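Asker: Straight out of Swiss-Prot:
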MOD_RES   LYS7  N6,N6,N6-trimethyllysine
BINDING   ASN116, THR166, LYS170, ARG288, HIS320, SER372  substrate binding site
ACT_SITE  LYS168  active site, proton acceptor
BINDING   LYS194, ASP196, GLU197  Mg(2+) binding site
MOD_RES   LYS194  N6-carboxylysine
ACT_SITE  HIS287  active site, proton acceptor
SITE      LYS327  site 'Transition state stabilizer'
Amino acid sequence: KARVGFKAGVKDYRLTYYTPEYENKDTDILAAFRVTPQPGVPAEEAAAAVAAESSTGTWTTVWTDGLTSLDRYKGRCYHIEAVVGEENQYIAYVAYPLDLFEEGSVTNMFTSIVGNVFGFXXXRALRLEDLRIPPAYSKTFQGPPHGIQVERDKLNKYGRPLLGCTIKPKLGLSAKNYGRAVYECLRGGLDFTKDDENVNSQPFMRWRDRFLFCAEALYKAQAETGEIKGHYLNATAGTCEEMIKRAVFARELGVPIVMHDYLTGGFTANTTLAHYCRDNGLLLHIHRAMHAVIDRQKNHGMHFRVLAKALRMSGGDHIHSGTVVGKLEGEREMTLGFVDLLRDDYIEKDRSRGIFFTQDWVSMPGVLPVASGGIHVWHMPALTEIFGDDSVLQFGGGTLGHPWGNAPGAVANRVALEACVQARNEGRDLASEGNEIIREACSW
């Protein structure tokens, strides 16, 4: 009888993939998962299963395991802690060796870490809470096309948040009327106007017509106000080739910024566009359409801070990041946590703000967070205080809903912003005096 060189059959994941004695390396990618095991499954087994299925493991021992070094390539669950106040929920920390990932590919990183494991039978629910991206990996990415400082220099705007506005109604306007709305907003004092995320190239308004009329509006408003203006021209399309075609046309028109829906468009398309934008001097505005499908559930999916980190690596100069005060959900501390992850170079671990790992971006350019969704002029003091100068505040209905029209709505927002920034610089407290500051500004 031939002797078999390995022991076939199913064995517990924790025997191989749960290694509490492991000391993680500086080059490891670290992940924090919120694991809810099925009833009767021990936490160690569920956590080890997550590490296995998102790296080298499969459900049984295979003879080809002998042809490689599992110790070198396997993901390891190195720590488990129970979640306070939740029954049968754990945070599992997993370390992945750098060799498991293709350089410069967010697509590959996500395919590995969250690709397969979320449908796994042993886990009842699973959520990726945070990732630590080591410098050895982040240095393989270009990151944002330009970053915060270069954007301010391009626009010649300093010392205050930037103001934007999404053109509404988002669908149904003709290109000429759309351009007219853009012009009115920019003339009134906004820095940017924005295509809605679902404005691509529909029968009522084809992309080329929209680009032309918006460019005309832009230049007319610039000539009148003496300020540099921008309109986020949405280049998102059905294919990468078509997307780049639209970005090329935007560049030929000489406009400063284009836009992409990075989750529906996909990370491969987004990284492609980010590279084009850096090579051609375009700023890139990123919308997070579809994020709530992934990040809304508290115990399953992925936290937005992970999607935000991925975007900084893939590339974007602005990204929508919730408002803390408007119509869309977002807790203040958590939101500020990932806003810092977008803007700052070095962020300390701080569990109260949802930051599980210290993250060093080693001088990768920062991304401007965009506050957008149900905010209006009375929120301005709170927004100025919460987000600070390096942000874009976007008022859609809060501009266009003004009873006198778009331009007066834009004027109202600009006046409120300037008043809040001036009051803050004079040492007044925006939290307590905010409404008073806005009322004073009304009488200018």
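Including glycine, each Cβ sits where the backbone N, Cα and C put it.
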Asker: For ASP196 (Mg(2+) binding site), which residues in the same chain are close in space, meaning a Cβ under 8 Å from its Cβ, but six or more apart along the sequence?
Answerer: THR166, ILE167, LYS168, LYS170, LEU171, ASN234
Asker: What's the CA to CA span in angstrom from ARG288 (substrate binding site) over to LYS194 (Mg(2+) binding site)?
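Answerer: With distance taken Cα to Cα, LYS194 (Mg(2+) binding site) is 14 Å from ARG288 (substrate binding site).
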Asker: Listed substrate-binding residues ASN116, THR166, LYS170, ARG288, HIS320, SER372 - what's their greatest C-alpha to C-alpha distance in Å?
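Answerer: Pairwise Cα check on ASN116, THR166, LYS170, ARG288, HIS320, SER372 gives a maximum of 37 Å.
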Asker: Quick one, of the binding-site residues ASN116, THR166, SER372, which Cβ has the fewest other Cβ within 10 Å?
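Answerer: Result for the binding-site residues ASN116, THR166, SER372: minimum number of other Cβ atoms within 10 Å at ASN116.
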Asker: Looking at Cβ-Cβ distances, which residues of the chain lie under 8 angstroms from HIS320 (substrate binding site) while being 6 or more apart from it?
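Answerer: ILE286, HIS287, ARG288, PRO369, VAL370, SER372, GLY373 - these are the non-local Cβ neighbours of HIS320 (substrate binding site), listed in sequence order.
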Asker: Which one of these recorded positions, LYS170, LYS194, HIS287, ARG288, has the sparsest Cβ neighbourhood, judged by other Cβ atoms within 10 angstroms?
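Answerer: Across LYS170, LYS194, HIS287, ARG288, these recorded positions, the one with fewest Cβ atoms within 10 Å is LYS170.
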Asker: Which of the three DSSP-derived classes (helix, strand, coil) applies to THR166 (substrate binding site)?
Answerer: strand
Asker: Tell me the Cβ neighbour count for LYS168 (active site, proton acceptor), meaning other Cβ atoms within 10 Å of its Cβ, over all protein chains shown.
Answerer: 16
Asker: To the nearest Å, how far is the Cα of LYS194 (Mg(2+) binding site) from the Cα of ASN116 (substrate binding site)?
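Answerer: So the Cα of ASN116 (substrate binding site) lies 36 Å away from that of LYS194 (Mg(2+) binding site).
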Asker: An 8 Å radius from the center of the LYS194, ASP196, GLU197 Cβ atoms defines the neighbourhood of the Mg(2+) site; name the other residues of that chain inside it, in order.
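Answerer: Going along the sequence, the neighbours come out as THR166, ILE167, LYS170, ASP195, ASN198, VAL199, TYR232, ASN234, MET259, HIS287.
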Asker: Rounded to the nearest Å, what's the C-alpha distance separating GLU197 (Mg(2+) binding site) and ASN116 (substrate binding site)? Just drop the number here, would you?
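Answerer: Per the Cα atoms, GLU197 (Mg(2+) binding site) and ASN116 (substrate binding site) stand 29 Å apart.
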Asker: Around GLU197 (Mg(2+) binding site), how many other C-beta atoms are within 10 angstroms of its C-beta?
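Answerer: Neighbour count, Cβ to Cβ under the 10 Å cut-off: 21.
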